[in-house]
Amino acid sequence: MPITLPATLPAFDVLTHEGVMVMTPERAARQDIRPLRIGLLNLMPKKIQTENQFARLIGATPLQIDFQLIRMTEHQTKNTAAEHMEAFYRPFQEVKHEKFDGLIITGAPIEHLDFADVTYWDELCEVMDWTQTNVQSTFGVCWGGMAMIYHFHRVQKHRLQAKAFGCFRHRNVAPTSPYLRGFSDDFVIPVSRWTEMRQAEIDAAPGLRTLLASDEAGPCLVEDPGHRALYIFNHFEYDSDTLKQEYDRDVANGKPINVPANYYPDDDPSKPPLNRWRSHAHLLYGNWINEIYQSTPYDPQQIGR
């Protein structure tokens, strides 16, 4: 089954070209089926790139997905055209009376700030509380996951002395988890962050279960059944060249930056990077969508009750 996207959204042509099944809302309305309603609260500066990354993973599942783009109500983005935001995004205050089968809260390049110093923190707290009554399952990604685990459990993020940057080996520490169905025991995940979560502090928080972890990069994926949520601190959704773009940007700006670890062949930035995480990215998000499908009520109004 396809993902439903407006025909004018850039992701529509991108995913169609890649062979992902995409359909317009008009065509979807003629099908006698209830699609899963998945929201993307997009906090990243490069909105279109992030839309494409998550739509690609969500759209690869065998279920029809109604993909809704959501923004913070008052925050004004500086890196995406206002026309794009107006055409495709809805402010949270407009959707907060609606029900969603799933919600993804993305990362944001604001790790250096205390949570309370983020300009939209109060509304984001409202969003996170709202998920408990209006969303069947929520997926917090990188800073979004750190914000959620702090909001619900007061587990703090910690500043790193050097940026965790590259593709790091991770272990499957919960092979019986339905979210890890089909996962290998050992695999790589892109990492790009200045902060970390600490395993001992996660272990001390009641109700949390670590599913993926790395000796080098620390805890990665945490399940929070009590809040119907997953928190991932790394970036399965990244394109093959996302780390390259970040590295090239910092080099061009004269910022100190290490070559991303285990990313380029022979750690040589002149060589094209290899994508070694794509299959596990599709597994994780496909398993998440399947778990939503198995658990969400047929009547959306029953979500959260």
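Just so you know, glycine gets a Cβ as well, placed from its N, Cα and C.
Since the structure is predicted, the reported quantities are computational estimates derived from the model, not experimental observations.
Quick look at what Swiss-Prot lists:
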SITE      E111  site 'Important for acyl-CoA specificity'
ACT_SITE  C142  active site, acyl-thioester intermediate
SITE      S192  site 'Important for substrate specificity'
ACT_SITE  H235  active site, proton acceptor
ACT_SITE  E237  active site
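Swiss-Prot feature annotations superimposed on the structure.
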residue : record                                     : DSSP class
E111    : site 'Important for acyl-CoA specificity'  : coil
C142    : active site, acyl-thioester intermediate   : coil
S192    : site 'Important for substrate specificity' : strand
H235    : active site, proton acceptor               : coil
What same-chain residues, at least 6 away in sequence, bring their CB to under 8 Å of the CB of H235 (active site, proton acceptor)? G107, V141, C142, I189, P190, V191, S192, T242
C-alpha of E111 (site 'Important for acyl-CoA specificity') to C-alpha of E237 (active site): distance in Å? 19
Under 8 Å by Cβ from the residue listed as 'active site', counting only residues of that chain that are 6 or more apart: T50, Q53, F54, L57, V141, A281, Y285
Top of the recorded positions E111, C142 by count of other CB atoms within 10 A is C142
Suppose we draw a 10 Å sphere around the Cβ of S192 (site 'Important for substrate specificity'). How many other Cβ atoms does it contain, all chains included? 19
